[in-house]
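*Asks:* Under the heading NAD(+) binding site, TrEMBL lists B:TYR136, B:GLN197, B:ASN220. According to TrEMBL, the feature substrate binding site maps to B:SER243, B:GLN265, B:HIS268, B:HIS334, B:ASP367, B:GLU421, B:HIS426. Residues or ranges marked as Zn(2+) binding site by TrEMBL: B:GLN265, B:HIS268, B:ASP367, B:HIS426. TrEMBL lists B:GLU333, B:HIS334 with the feature active site, proton acceptor.
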Protein chains: 2
Amino acid sequence: MTITIRKLDSTQADFQRDLHHLLAFEASTDEAIEHAVTTILHDVKARGDAAVLEYTNRFDRVNATSMQALDLPQSELKAALQAIPEAQRQALETAAQRIRVFHERQKQELNGFTYTEPDGTVLGQRVTPLDRVGIYVPGGKAAYPSSVLMNAIPAQVAGVQDIVMVVPTPDGVKNQMVLAAAAIAGVTRVLTIGGAQAVAALAYGTETIPPVDKIVGPGNAYVAAAKRRVFGVVGIDMIAGPSEILVLCDGTTDPDWVAMDLFSQAEHDELAQAILLCPDAEYIAKVEESIHKLLPDMPRKDVITKSLTDRGALIKVRDMQEACAIASDIAAEHLEISSENPQHWADQIRHAGALFLGRFSSESLGDYCCGPNHVLPTSRTARFSSPLGVYDFQKRSSILHVSEAGAQTLGKVAAELAYGEGLQAHARSAELRLK
Amino acid sequence: MTITIRKLDSTQADFQRDLHHLLAFEASTDEAIEHAVTTILHDVKARGDAAVLEYTNRFDRVNATSMQALDLPQSELKAALQAIPEAQRQALETAAQRIRVFHERQKQELNGFTYTEPDGTVLGQRVTPLDRVGIYVPGGKAAYPSSVLMNAIPAQVAGVQDIVMVVPTPDGVKNQMVLAAAAIAGVTRVLTIGGAQAVAALAYGTETIPPVDKIVGPGNAYVAAAKRRVFGVVGIDMIAGPSEILVLCDGTTDPDWVAMDLFSQAEHDELAQAILLCPDAEYIAKVEESIHKLLPDMPRKDVITKSLTDRGALIKVRDMQEACAIASDIAAEHLEISSENPQHWADQIRHAGALFLGRFSSESLGDYCCGPNHVLPTSRTARFSSPLGVYDFQKRSSILHVSEAGAQTLGKVAAELAYGEGLQAHARSAELRLK
């Protein structure tokens, strides 16, 4: 097993161009997928349960005769929680507890406000939970119980009453750890449906499935296309790109640790991206040695090799200061600052989905159980978006209670501006309130 | 001028179906527009300034020879502020000041947090502003200075350094009130470009225009299509549907006021929606009389008539309680509760973009100068989204600083779950940190 990883040096003339090329990723849109999804969405919207049932039987190779057969009772979730090994159950519960604590802090931050002006006018902002959300959980091989916790717990903490999870069960195989996680995370209903048909059922509703207000969670290309299409009818979380890790290291961390951290991202899929930024050429060489040494023992070494070869890089920078500037530009999903005094460098980072500070903060700890969410902005979108959080399951409403006295002063200002914009009914509506 | 407004009664058998029909609105996608926008986006991405210049000269019928000619100096904004009538300038400044105060409150609410666990692990969330945003302001007839204030001030309060406004100037005509508003709102650069070419320039950047992180603001069908397309490369605010007002009245408000409030929404455009919910049939008749009486004097009576006829309704409900349930279902952009003790009814409303409480709180006051934002979720999206705010110009990053002791307990939990998901490098990365 040999592997060649791209090496870049920030002092080279073409560095900016090479870096840009390395980061470039454009999600391709597949016309066949778009077409299939459009058909499925229309069909489920028009025919409801019957269409969902047909597609599920066909795509997941099952033989359900009614929607009821695809609707898991809570007792089955509880049974799964009892059925999994004790160590797994405890790990899930510990992770859930820590995720809940972190997200409770998020909730405390956003309470809304009101203030009263001297003339009695009250202005404010109200924060309330969404009524009902849908959580998409992939089935089959890449079934991630941690994803159930990370998507459902913030919704539950936000106060969402109905948390509907959909998870396909190809060939009828149910993942017990996923169902156990649903039991722990407070999911209120589980439907064993998936694909675009599940997204359509959640967005439009059917005879047996009430429509939700927002759909979150990862999925394949069909699910992503369907989510894009129903956006507006319901809210959606972001459409995630391939996962990324950027390790910023001053050369003081065990190179094996850094190599394994790069692997932990690269093993996700062949498009995942793992990059090291370091000012120390000798240290970079050591990390490379560790990569060669550790790779052969990795069960997912084929994926890791492809990912690191195609999209990975070891980048020599002038100094840590420059590393921070480059990292801000990259705006990575996961940024590890594996160095002495990591807070000093963190203060210079303008954009990142999550910052892992210090050499003990491996991304894997955050992926599962530290508490913060593992659903993070990818593909440089950390420049303008945030980790999934309680706030994604709440919405704000403005409150305006204008007093009679307030209407006198505000009415004149509003009328002046409304006439200036040629909106005379706006102006008259304000003026009617003047004494 | 005669007008016939649809009347519904919640006790009728077909009420739910009729209400659903009334609210149904599907934005049509025009293939010709989609195609034109795709071409323009590709062209600006490939050719930069040259393409922007060509499209601007063609579509806006101007003769600019360089991008510099489309780049307004700050002195021109300041001159506009001096040139407009004193009353307009004062109204803009009063509105801006009040909008700033409200949005400062929003900012105070979101400061981020950190907490330290007994083993020294620090977890938290950081809130930072976006670097650079673009604000689209329509030019020509429907030029709204209030929109400049409502979009730019939250960005400025959030701490965004570069606020780039684009506003087309068809036939070279500049709206002085719009430029004055830009001066007041702290816009850092104004480019007189518009359409899909302006959206492309902001999203991809050109030789003279650096790419922004997010684009907000209203626009025509070309602008909306372009924003949808660049979403992901940059953030966008929502794609707004037609504006809506829902008045919930107990029959104690002057019917002229309610009629004019319905007009103030209906005059926006022919697709706008104005609906009254009231338990008192006699009062509804009075509002109808007021509509007939007041309509002939409205300069925009043609638009109002078309809007009220096609999409308006006067709905008789059983009682205020039922009105609140229906209003929650409608999830209106603007909800006026024009009644005695409006807070009592507001507490029963689950979804609305903005709640206007009491009969002095006309929507027009909120549109211009109360302080809360006038960019609000339309088309029932208030079920899951919020008014434009400071939070739209900030993003959160998670902070994870795991101590050596923390890595010991968290590492075992993470490894257990990672092995359960078949992600061995994740598990090894956690285990390497175990002593």
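Including glycine, each Cβ sits where the backbone N, Cα and C put it.
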*Asks:* Of all the binding-site residues given, B:GLN197, B:ASN220, B:SER243, B:GLN265, which has the fewest Cβ neighbours within 10 Å once its own Cβ is left out?
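*Replies:* Least crowded of the binding-site residues B:GLN197, B:ASN220, B:SER243, B:GLN265, by Cβ count within 10 Å, is B:ASN220.
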*Asks:* Taking DSSP three-state, what's B:GLN265 (substrate binding site) in: helix, strand or coil?
*Replies:* helix
*Asks:* Take the recorded positions B:GLN197, B:ASN220, B:GLU333, B:HIS334, B:ASP367, B:HIS426 and keep those with a Cβ under 8 Å from any chain A Cβ; what remains?
*Replies:* B:ASP367, B:HIS426
*Asks:* Would you mind reading off the Cα separation of B:GLN265 (substrate binding site) from B:GLU333 (active site, proton acceptor), to the nearest angstrom?
*Replies:* 11
*Asks:* Just name the most isolated of the recorded positions B:GLU333, B:ASP367, B:GLU421, going by other Cβ atoms within 10 Å of its Cβ.
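*Replies:* Selected from the recorded positions B:GLU333, B:ASP367, B:GLU421 on minimum Cβ neighbours within 10 Å: B:GLU421.
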*Asks:* Relative to the Cα of B:ASP367 (substrate binding site), which of the recorded positions B:GLN197, B:ASN220, B:GLU333 have a Cα no more than 10 Å away?
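*Replies:* Passing the 10 Å Cα cut: none.
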*Asks:* Could you find out if DSSP has B:ASP367 (substrate binding site) as helix, strand or coil?
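*Replies:* B:ASP367 (substrate binding site) sits in a helix per DSSP.
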*Asks:* Using Cα-Cα distances with a 10 Å cut-off, which of the recorded positions B:GLN197, B:ASN220, B:GLU333 are near B:SER243 (substrate binding site)?
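*Replies:* Within 10 Å Cα-Cα: B:GLU333.
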*Asks:* Taking 8 Å from the centroid of the Cβ atoms of B:TYR136, B:GLN197, B:ASN220 as the cut-off, which other residues in that chain fall inside it around the NAD(+) site?
*Replies:* B:PRO138, B:VAL166, B:PRO168, B:GLY194, B:GLY195, B:ALA196, B:ALA198, B:VAL199, B:GLY219, B:TYR222, B:VAL223, B:ALA226
*Asks:* Work out how many Å separate B:GLN197 (NAD(+) binding site) and B:GLU421 (substrate binding site) at their Cα atoms, rounded off.
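*Replies:* Spelling it out, the Cα of B:GLN197 (NAD(+) binding site) and the Cα of B:GLU421 (substrate binding site) are 46 Å apart.
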*Asks:* Cβ distance under 8 Å to B:TYR136 (NAD(+) binding site), same chain, sequence separation 6 or more: which residues?
*Replies:* B:VAL166, B:VAL167, B:GLY194, B:ALA198, B:VAL199, B:LEU202, B:ILE215, B:VAL216, B:GLY217, B:PRO218, B:GLY219, B:VAL223, B:LYS227
*Asks:* Across the record's NAD(+)-binding residues B:TYR136, B:GLN197, B:ASN220, the largest CA-CA distance in angstrom?
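*Replies:* Value for the max Cα separation, rounded to a whole number: 13 Å.
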